[in-house]
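*Asks:* Annotations per TrEMBL:
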ACT_SITE  K43  active site, proton acceptor
ACT_SITE  Y270  active site, proton acceptor
BINDING   R140, M318  substrate binding site
DOMAIN    249-382  domain 'Alanine racemase C-terminal'
MOD_RES   K43  N6-(pyridoxal phosphate)lysine
Amino acid sequence: MSGAQSPAVPALRRAHIDHAALAANLRHVLDTVRPAAVMAVVKADAYGHGAVEVARTAVAAGAEWLGVADVDEALALRDAGIEAPVLAWLHGPDPDFAEAVARDVTLGISTAGQLARAVAAGAPEAPARVHLKVDTGLGRNGLGREEWRTVFEAAAAAEAAGRIRVEGLFSHLSGASPDDDLAQLAAFEEATSLARSLGLDPGLRHLASTAGALSLPATRLDLVRLGIGLYGHSPFDDRTAAELGLVPAMRLESRLISVKHVAAGTGVSYGYTHHVERDSWLGLVPLGYADGIPRHVSNTGSVWVGGRVHPIVGRVAMDQFVVELGEHEARVGDRVVLFGDPSAPEAAPERYPGADDWARAASTITWEIVTRLGRRVERVHS
Ligand SMILES: *Cc1c(COP(=O)(O)O)cnc(C)c1O
């Protein structure tokens, strides 16, 4: 794996992606869900980790499928020479699927209109490969129950004419509660029976993302769509990644670019939302909301500097934020870990904050913390 700099030389802003962790997470989930297969979800640039790099590692570790939101993301994988099956499930209002079909991208179909476009793009020598998506209760993407029959009939007719091949049927869980998810599973079984009664044979049935795959074995079916777990994070509020046997794959690092000693009472950053209580060292970190640092971690988040965790004080700005170091006299150039693997032994005596700690500090979810990192953050793969 290559990066602009060796991992030994900290960059201004760098996300280090640990491919051994990605592979271990993939294998761990695969071992847990077998005989179900795993689709590695690499949409949104693999949640900020780098889609092409993550896809290669996931396939090598045993992912049979790759999943993305839109066709352009799938074609970027094909451009990189990745040949594994790819499913793309989110489309514009009047999609042209010709290139997707030509390059063997499987289409997730959520509307009658999308099905018509897939049929138009397919031909007997190269039928469009589709997975029909049914809404079983999430209230989001997918065929509404009242359209199941007509769309299944149209799909069966198009399949008989050789224009498409219906290889899969899928849906997505709300995670509202185990009972809600099991009700969706029951609705999914109804959709399956209806599809089969109309002549379809969707060999690959999939419903679960990370949360369902790890907590509701009945939802694993033929394939689980693994997103956040691949990146080493827990989808649950009450269980950590370590408890699930997952290793966070991203470590976001920087260096202090300014250090100064200030007197008690000094106001910090825009609006003086923080005043230091006693004479203290302050360090400046060159990441801000332009880099995906949530402004909501102002005065609530913390980072690791030289073995100790210190609070983010004052408002996060576009390009920078301030850390209160107290009596800890740091130096310009000292390494800062914003978040990483809290179990990493090299962080001692304290732990690296986790992306989940950041999510709590920003009142959001771990998915958003890693995915929102900006373009100025260099990704280094190893
Ligand atoms: C993003 C996404 C996933 C992955 O979800 P995680 O919670 O990150 O595992 C699975 N399926 C669909 C349809 C998605 O949009």
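From the backbone N, Cα and C atoms, a Cβ is placed for every residue, glycine too.
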*Asks:* Roughly how many Å separate the Cα of M318 (substrate binding site) from that of K43 (active site, proton acceptor), to the nearest whole number?
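*Replies:* K43 (active site, proton acceptor) has its Cα 26 Å from the Cα of M318 (substrate binding site).
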*Asks:* Across all the protein chains here, work out how many other Cβ atoms are within 10 Å of the Cβ of R140 (substrate binding site).
*Replies:* 10
*Asks:* Taking just the CA atoms, what is the gap between K43 (active site, proton acceptor) and R140 (substrate binding site) in Å?
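*Replies:* Taking the Cα atoms only, K43 (active site, proton acceptor) lies 18 Å from R140 (substrate binding site).
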*Asks:* Please list the DSSP helix, strand and coil residue counts for the domain 'Alanine racemase C-terminal' (249-382).
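*Replies:* In the domain 'Alanine racemase C-terminal' (249-382), the DSSP-based counts are 25 helix, 46 strand, 63 coil.
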*Asks:* Between the Cα atoms of Y270 (active site, proton acceptor) and R140 (substrate binding site), what distance do you get, rounded to the nearest Å?
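*Replies:* Just about 40 Å between their Cα atoms.
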*Asks:* So what pLDDT does the domain 'Alanine racemase C-terminal' (249-382) average out to?
*Replies:* 97
*Asks:* Specify the secondary structure state of K43 (active site, proton acceptor) as given by DSSP, simplified to three classes.
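*Replies:* Note: K43 (active site, proton acceptor) is helical by DSSP.
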